[in-house]
Amino acid sequence: MLLASGMSRSSSSVSSSALLLLITLLAALLHCSLLIQLTVAKEQYHEFVVQEAAVTRLCRKHSIMTVNGQFPGPALEVSEGDSLIVRVSNRGSYNVTVHWHGVRQMRTGWSDGPEYVTQCPIRPGQSYTYRFTVAGQEGTLWWHAHSSWLRATVHGALIIRPRAGVPYPFNGGKPPVREIPILLGEWWDMNPIDVVRTATRTGAAPNISDALTVNGQPGDLYKCSSKDTTTFPVKSGETNLLRFINAALNTELFVSLAGHTMTVVGADASYTKPYATSVLMIAPGQTTDVLVTFDQPPARYYLAARAYSSAQGVPFDNTTTTAIFDYGTSSSRPAMPTLPAYNDTATATAFTTSLRGLRKAELPSRVDESLFFTVGVGLFNCSTGQNCGGPNNTRFAASINNVSFVLPSTLSILQAHYGGAAAAGVFTADFPGNPPVQFDYTAQNVSRALWQPVPGTKVYRLSYGAAVQVVLQGTNIFAAENHPIHLHGYDFYILGEGSGNFDAGRDTGKLNLDDPPMRNTVGVPVNGWAVIRFVADNPGVWLMHCHLDVHITWGLAMAFLVEDGVGELQSLEAPPPDLPLC
């Protein structure tokens, strides 16, 4: 009896313990479920209508291409992991595509957007729906047209915040009091499409812009512009996050805010170690996130931007755009910052080389593809019967490894790749991994025999998972300058940059393999080099090009063709049913 009684009490105790454990587990599962619900990714749907809108700038009325009648276009705000579905309807008079600049587009290359590279254009009266997920990226990206020069006015911000419950890795983890998107741009006092078409007919350099802009407005230093100058109200003591985007077509920009220190915390939707500075240098295509604490005497302060122009003797827009940060004392005259000289390469270099990745880089221990690409401008000789407006009766050209990129017109490269042998003739897979001719790339007098590139639609084929290192070497053919090189579909580590010709024996040991910044657009220094590295883990066709639109117009581009890996998750998705026809 005593034994039986003891056994009964023991069984009851075990049963109670098991029940308590079960309740605890259920509570934990419920808590995890709630956390998952809080951090679950969302799907957003947007309608983009490309249409004309009337605006007035520099005393003149213009009809410009816009999205939804807005200039700049609507800002898209997502959390990391969200999916976007954007239906683009073309009610304008030009072909158009939209590129989601910096988005990785994992397996969704059909939504990347560059005209005739991943899709045929959306023709007037037609539409196309872009579908993609924003994963593994936080910070500031942007979207823009990728047809001709439409992106002059067809662009907007893409803001990516951490998932709910995930802290920012700066400002003590607290979100900033307010976030301010700042889109820097260029304005022509005529239709930008007419500007590039006029230049293309003769091969001449296109007209430079008539103004620089902040959020679409030139600012106080231009005629008929003061009443519409962009103004940002701020409060004393607040720390705000300024999200800079250089949406200009052809101008790298120095940027400064009078009386205030800017602390860089991110670039191209990758976090950086905090870097305090009074001046930024942002190339077209690049974004830079900075924290600013408004701790100065209450007043009004100019944000100002002007060109960094590294090419000697080449015309550029030498004006200054301004916006106003206002503490609420509208009567005071704004203070003006001191900006570097337009050709201050030392300041530009000091800025770019000061950026460091927030965390240790996840670099592969091997390099499977070691590539060397020369980038620069050149000249085509004038053919009989041609009207040539370049120097000494030539036409301007540009190239990578002496290949001047030519867009196809009957089918996109990605469609041709996906279609296999049935679509032969659209491109060839023989892009050179090294310069066809080695020479002193930054010499003062490069032989004229090297000035004329070869036109072609060539891609460089990469195996899935290959570790790729590219030396980007600027040349001094015709005119050396800083080239902002953008790679679609990938972020890459910038391991280093330098002046002169890259020397593997001398320069390899100087590369930063610890905390290099990660970006999608790198400035190749004037008469210098930059080294980037990435892993080819995204199948598809990915354009690499100079983000000075004048240069991509001349052919400064190439494309990587990344093969499928093993299985569905390493393979390009099938094309969507509404993919536009050529």
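Just so you know, glycine gets a Cβ as well, placed from its N, Cα and C.
What TrEMBL says about a protein is an automatic prediction, not a curated fact.
The shown structure was predicted, so the numbers you read here are calculated from the model rather than taken from an experiment.
As annotated by TrEMBL, domain 'Plastocyanin-like' applies to 50-164 (among others).
The feature domain 'Plastocyanin-like' is assigned by TrEMBL to 179-329 (among others).
The domain 'Plastocyanin-like' annotation in TrEMBL covers 431-564 (among others). The helix, strand and coil residue counts that DSSP assigns across the domain 'Plastocyanin-like' (431-564) are 16 helix, 56 strand, 62 coil.
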Report the DSSP secondary-structure composition of the domain 'Plastocyanin-like' (50-164) as helix, strand and coil residue counts.
6 helix, 58 strand, 51 coil
Determine the mean pLDDT over the domain 'Plastocyanin-like' (50-164), rounding to the nearest whole number.
98
